[in-house]
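Colleague: I'd like to ask some things about the structure below.
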Amino acid sequence: MPLILGGLAGAAAGYGAAAWLERRKPPPGKDPNIKHASLGVVRLDWHYHPLPGDVGSPDSFEYPVYYRAVPGLTFEICQSGKMSPEIQQNFKDAIEFLDKERGVSVITSDCGFFMWFQKEARLYTSKPVVMSSLALLPSLHAAIGTDGKIAIFSANSTSLGPMHDTVAKECGVDWDEACYVLVGCQDVEGFEAVASGEPLDLEKVTPGIVRKAKQVIAEHPDIHAILMECTQLPPFSDDVRAATGLPVYDAIVSADFFIRGFVDNPRFGLNDWHRPWDGHQEKYKLGDNVQDKEKLLHYKP
C-alpha cells in the first residue's frame, strides 16, 4: 500500500509546492473585512510618556492594539501585589472589556508587576493571558538548558524580589537558581524616571543600559540570553542586541509570540489574517474607556 503524505510533505512528494499553495489560497472575496488578530493591554492608573518600543505605545506593534486602564490601580499598588475589592472589580472589568467589547486575541499589561495578578486575570477570560514577559522564562530555560544563564533585567531588582514565589508558582521558575542572573537598572542614569512616571530620555538612558548589559556579560560570560522584565525596557532591546550579540526577549517579543498563534502562515494561510493590516490603531489617552465618575476620582487633567 503506497504511503500517502499530507500537508507540506505531500506537496514536496509529488503534488508540487506551487500547485499545493495555490489550492490552499482562500477563495477570492471570502471575507475582506475579517478581523485581524489583536492585542489587549491592561494599563495602570497613571500617566507616562511611552517611547516607541514601550508596551504603552501602539507604534510598538504591527497589529491592532487596544488599551484599558484600571482605575485606582497605581504603580505602587501593583508593585505591592494587593488590590482592594473595588480595584479588583475594576481589573476584572478591564479584562472583560478587552475580551468582549474589543474582541482581542491576547491580553497583556503595561507593567511587569502585573505578574502578581496573572492567575486572577485568567479567571476573567478564556483568551491567552500573559501579564509579564517573565512568562517566557520556562521556554527560554528549556531552550538554553542548565549550561547557560539567562539575565533578567528589571527596573529595580530589589523591588522585584517579593514576587519570587509568585513567579515560581505561575512559571515554574526559581530565579534563585544559578542559571538566572537578576539585573536591576535602578542605578542607570536617567532610568529613575520610570519610578516617578517621568518621560524617559532615550539618548540619555541608552548608553547606561548598554553599558550595564556589557558589564553583566563580562561578569557572567556564560549568559546566553537576556530577558527584559520591565515593560519600559524594550525601547533599548535593539541596542542591547547589537552591543552583545545575544538574543533579547521582552514584553513586545512576548506579545508577538502569543499573537502569532492566531495568525496564519503568510505563505499558505486560510483565514485571510495574512492580508496586510492597514495600520489603523484605536486612539487612546489616559482616561479613555472609563466612566465619568471614575475620571473625576482617579484622573487629573
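Quick reminder: no glycine exception, Cβ is built from N, Cα and C everywhere.
Residues annotated as active site, proton donor/acceptor in Swiss-Prot: CYS111, CYS230.
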Colleague: Under 8 Å between C-beta atoms and at least six apart in sequence, can you list the same-chain neighbours of CYS230 (active site, proton donor/acceptor), or say none if there are none?
Modeller: GLY112, PHE153, SER154, ALA155, CYS185, VAL194
Colleague: Only counting partners 6 or more residues apart, tell me which same-chain residues put their Cβ under 8 Å from the Cβ of CYS111 (active site, proton donor/acceptor).
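Modeller: Long-range Cβ contacts: LEU44, PHE75, CYS78, THR231.
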Colleague: What does DSSP assign CYS230 (active site, proton donor/acceptor), in three states?
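Modeller: Coil, per DSSP.
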